[in-house]
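Working notes, beginning with the structure itself.
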Amino acid sequence: MRELVHIQGGQCGNQIGAKFWEVISDEHGVDPTGSYHGDSDLQLERINVYYNEATGTYVPRAILMDLEPGTMDSVRAGPYGQLFRPDNFVFGQTGAGNNWAKGHYTEGAELIDSVLDVVRKEAESCDCLQGFQITHSLGGGTGSGMGTLLISKIREEYPDRIMCTYSVCPSPKVSDTVVEPYNATLSVHQLVENADEVMCLDNEALYDICFRTLKLTNPTYGDLNHLVCAAMSGITTLLRFPGQLNSVLKLAVNLIPFPRLHFFMIGFAPLTSRGSQQYRALTVPELTQQQFDAKNMMCAADPRHGRYLTAACMFRGRMSTKEVDEQMLNVQNKNSSYFVEWIPNNIKASVCDIPPKGLKMSTTFIGNSTAIQEMFKRVSEQFTAMFRRKAFLHWYTGEGMDEMEFTEAESNMNDLVSEYQQYQDATAEEEGEFDEDEEMDEMM
């Protein structure tokens, strides 16, 4: 079976990860002790993708890492804390203190070997490992610094396996730490090179969804994580239940036209708050309409400001595949200016019969839009403002980093922005000119 190994790192990654396991355990009928109480064979058919079965109990293929014990203790004390394999909790005692260098070079580097041992052990218990998924944030120290260190180590050891990350990016207005722009830029520098698919999430977009759409007056991180997990559950549906787009590789092949442009926006419809049930069933056209809506995007970049290179939509529930295909065509024809014309039929749709808990139908959207450059631009501006004055740099250089590394990360991020811009402006006619430029770049 095509297994995925899930890794969660840092405070944010562990909280999202813990919630993700609650959601999919619920969907697969696995209770907090790991025994199965489901009602459908479909729940078990591909349960091996995420769970290891031993003597009738299902254990998540999850690895939890952090540089301080706090978050892990709360995961362990949480509703599904007993589900995880105790050896798979790997933690230090010092913490990274929101410092990327501590996570990547000093504290994290000391712990990384014990994490890799657990990764190897999980990978060996798989029949046919298809890849890794990592939940982490880019603004802190552990998830970003140690997370990217782990990604590059796994890349060395398993070069042909897909590496998919769910990365919580810094938000424009909601900032947790002052040095977020540094940590995020250094992380993106790594993710461009070492990850295959990066799903960009960000707290501000999630807060907006909570305020505007769900009308929650004071949303908590729990509510944000609920939204993230709804989307993660939707993206992984295809891997966990029978469907057409059934591997992470197929997803990557359909979504990534150029190797560096693998940062995706995620949308979900219908948006519901925790514990509320959907009172009226939505139709396929309504779902399609909603998932392309900028308000449904879980990342603070507006797709109307760019063009989609590619997109994938995963519908869940009982509906006609024909209707889904018609709607997809419809979207492309009506909004053709928002799709690049040099990739014909660039939306991939797939349908899975099993809806998420409490909904009749839902849909998850992954878009590779050039508008994602807004997010990188924003971080880059904040980065430059601080870096020009060398603010806070001593925390990083004190851990043995070099200023060169900051400069490289900055220029890599700016290159990424201009690549997105280049393809946004490209038309089908001038393709010839592009190829020559590309070849020139290759030669240089």
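Along the chain as shown, residues are numbered 1 onward.
Keep in mind that glycine also has a Cβ here, set from the backbone N, Cα and C atoms.
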Site co-member for GTP according to Swiss-Prot, given E68, S137, G141, T142, G143, N203, N225, out of Q11, Q43, Q289, Q290: Q11
Three-state secondary structure, E68 (GTP binding site) (per DSSP): coil
Residues that sit under 8 angstroms from G143 (GTP binding site) by C-beta distance, when 6+ apart in the chain: G9, G10, Q11, C12, G13, G103, H136, S137, V168
